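K.L.:
Quick paste from TrEMBL:
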type	residues	note
DOMAIN	181-302	domain 'Heparan-alpha-glucosaminide N-acetyltransferase catalytic'
TRANSMEM	106-126	transmembrane segment
TRANSMEM	188-208	transmembrane segment
TRANSMEM	228-246	transmembrane segment
TRANSMEM	258-276	transmembrane segment
TRANSMEM	291-309	transmembrane segment
TRANSMEM	330-351	transmembrane segment
TRANSMEM	414-437	transmembrane segment
TRANSMEM	444-462	transmembrane segment
TRANSMEM	482-501	transmembrane segment
TRANSMEM	513-530	transmembrane segment
TRANSMEM	550-568	transmembrane segment
Amino acid sequence: RNELPAPGLNLAARSGSCHQCLYQFLAFVPPSNESLRKPGTASVMVDTQHPLTLLLNSSVGDRDLCKIQYHFGEFGNYSLVVKTLSTSTQTVSCDLIINEGPINSYLPILFALLVYMGVLAILIAGRLLMKIDPVRNWVYKKLNPRATDRMINSELGSPNTTDSINCDPAPQSWSTGSRQRLRSLDTFRGLSLVIMVFVNYGGGKYWFFKHESWNGKLHFSSALFSRFVFIMGTSVALALGSMLRWGSSKWKVLRKILWRSFVLILLGIIVVNPNYCLGPLSWDNLRIPGVLQRLGFTYLVVAALELLFTRADSGTWEGRFPALQDILPYWPQWIFILVLETIWLCLTFLLPVPDCPRGYLGPGGIGDFGKYPNCTGGAAGYIDRLLLGEKHMYQHPSSGVTYLSTMPYDPEGILGTINSIVMAFLGLQAGKITLFYKDQPKQIMSRFIIWGIVMGIISAILTKCSKEEGFIPINKNLWSISYVTTMSCFAFILLLLIYYLVDVKKWWSGAPFLYPGMNSILVYIGHQVFANYFPFKWKMQDSQSHAEHLAQNLTATTLWVIISYILYRKRIFWKI
């Protein structure tokens, strides 16, 4: 509300998350009408995700009148009143008034949490009650004895079993085989998958479930894909060793690796181009990179590298430094990974990019004060545009929201795949630890801790413990090496906790995350293909409501967990 006389004001804003950004024009506020004593007004809608800096200046001469920093709340109504305090000194005041307070947008999360905790409490109480003889006998009388006996044996184990703490829902007929499988790996994978499905469905439209625009804060969604890559590497170590111990030749295993990689890449291309209602896919705008494509190629490289040097017998290494038996015998692999990382560093910081500074890691657009608007991603974006073409890349990168970048940029592009291979290789190292120190949980956990600490120290050095000022900032879009080491640090620690709870102490069966973890490909592809179909999505009454979005997204995610549980009970697993 402008109470100043002519010539009027320009209102601009800059987001607190936008590093070195230009102010963006919001509105022209006309001068007040002195004859009618009516102030000039203009209405704008502003972002509430991050704090904003509002800048008011004169429309003539660009004289800055005031600058205000404020974090607006969702659905709040505010007035910015500009008036003259003293006509002699021409002192201008800018006062922010709250007309209508913002809503508490986090209440739906609290309610959803209470609902899920209530369901969990009911399940635990029911399980404990079934261990009481009178209650169990009463259930026997009320239900068909034979059917009840089958249900109890399959769900809870035999009533006389001594292993009553383990909540393994698998039938006893195949529980022996499942004990040989590290349930913590499937639980780790399933936990990451369930959160990924929830985030992909919208995450209740909360900002902290969205990807960071460029550098910096690790939101909930930032770690999901990296955990998938990490645990894939862990599974490679266990699976290849198992196949070779069962007598499969390396050539046969290699054929399986090639086939699986091909299928993953093919499925990825089909899933990320869902123009089913618009006719057949067209090469003109077919997106080539994607999540499954990167998983497929990463798996191909890491599995082939492991196959080349793995041994069927993973017994104790008899060379020097037995404490490093999971590292030293595989020194050629480490040399290969170091060479790959050197290639990434050289291309990222030394490759000349037209009209961009060498070694540029920024988002382009209005970042860096608008000096490099078409340099999004630096060398990574340039390589993708050069080799793939702009039409075959992701057209709406997260940097476009805050930094208003207009260049296409693919977060699953070519150059970042190098570091996803490094991430999978670190997961491979976790798998080797579990193989070399089998039946030695203390050794496994201590090494997970050491690796987590080492990765954390490397990240601290690379980033200088800052968001923007480090040598190599944490950046999911670029898959920077600091992002890989940081995510690996978290992955080692998380795997350690799950391994301790599920496989060592057996305090947790891994449910319900175990089930989608054992059918991860089916759940991932299914949630993408059926994302816009009922009951996973429906027309909402209020598209601006967090509560409705959260209810819809949680319902869809829960349905996939239930589907994976039914498939688990029926022993249906989709393997490639």
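Every residue number used here counts from 1 along the chain in the order it is shown.
Glycine too: its Cβ is placed from the backbone N, Cα and C atoms.
Please treat TrEMBL annotations as automatic predictions, because they have not gone through curation.
In the displayed structure, how are the listed features positioned relative to their neighbours?
P.N.:
The domain 'Heparan-alpha-glucosaminide N-acetyltransferase catalytic' (181-302) scores a mean pLDDT of 86 in the predicted structure.
Sequence-distant neighbours of the transmembrane segment (106-126) (same chain, 6+ residues past either end, Cβ-Cβ under 8 Å): 204, 206, 546-547, 550-551, 554.
Long-range contacts of the transmembrane segment (228-246) within the same chain: residues 182, 185, 188-189, 192-193, 196, 253, 256, 294-295, 298-299, 302-303, 306-307, 310-314, 420, 423-432, 434-435, 487-488, 491, 495, 520, each at least 6 residues beyond the stretch ends and with a Cβ under 8 Å from a Cβ of the stretch.
Long-range contacts of the transmembrane segment (330-351) within its own chain (CB-CB distance under 8 A, at least 6 residues past either end) are made by residues 305-306, 309, 358-359, 361, 378-380, 382-383, 415, 418-419, 421-422, 425, 432, 478, 481.
For the transmembrane segment (414-437), same-chain residues at least 6 beyond its ends with a Cβ under 8 Å from one of its own Cβ atoms are 182, 226, 229-238, 241, 289, 294, 297-299, 301-302, 305-306, 314, 316-317, 325-327, 330, 333, 337, 340-341, 343-344, 347-348, 379-380, 383-384, 387-388, 443-444, 447-448, 451, 455, 477-481, 483-484, 487-488, 491-492, 495.
Sequence-distant contacts of the transmembrane segment (444-462) (same chain, at least 6 residues past either end, Cβ-Cβ under 8 Å): 326, 426, 429-430, 433-434, 437, 470-472, 474, 481-482, 485-486, 488-490, 492-493, 495-496, 499-500, 504.
Counting same-chain residues at least six beyond the ends of the transmembrane segment (550-568), those with a Cβ under 8 angstroms from any Cβ of the stretch are 108-109, 112, 169-170, 190, 194, 197-198, 201-206, 512-516, 518-519, 522-523, 526-527, 531, 535-538, 540.
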K.L.:
Cβ pairs under 8 Å with the transmembrane segment (482-501): which stretch of 188-208, 291-309, 513-530 has the most?
P.N.:
188-208
K.L.:
Which residues of the same chain, at least 6 past either end of the transmembrane segment (188-208), have a Cβ under 8 Å from a Cβ in it?
P.N.:
49-50, 105, 108-109, 219-221, 223-225, 227-228, 231, 235, 494-495, 498, 510, 512-518, 520, 523-524, 527-528, 531, 536-537, 546, 549-550, 552-554, 556-557, 560-561, 564
K.L.:
So how many of the residues in the domain 'Heparan-alpha-glucosaminide N-acetyltransferase catalytic' (181-302) end up helix, strand or coil by DSSP?
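P.N.:
Secondary-structure breakdown of the domain 'Heparan-alpha-glucosaminide N-acetyltransferase catalytic' (181-302): 90 helix, 1 strand, 31 coil.
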K.L.:
Residue list, the transmembrane segment (291-309) vs rest of chain: Cβ under 8 Å, 6 or more residues beyond ends.
P.N.:
225, 228-229, 232-233, 236-237, 240, 250, 253-254, 257-258, 260-265, 267-269, 271-272, 329-330, 332-333, 336, 412, 416-417, 420-421, 423-425, 428, 524-525
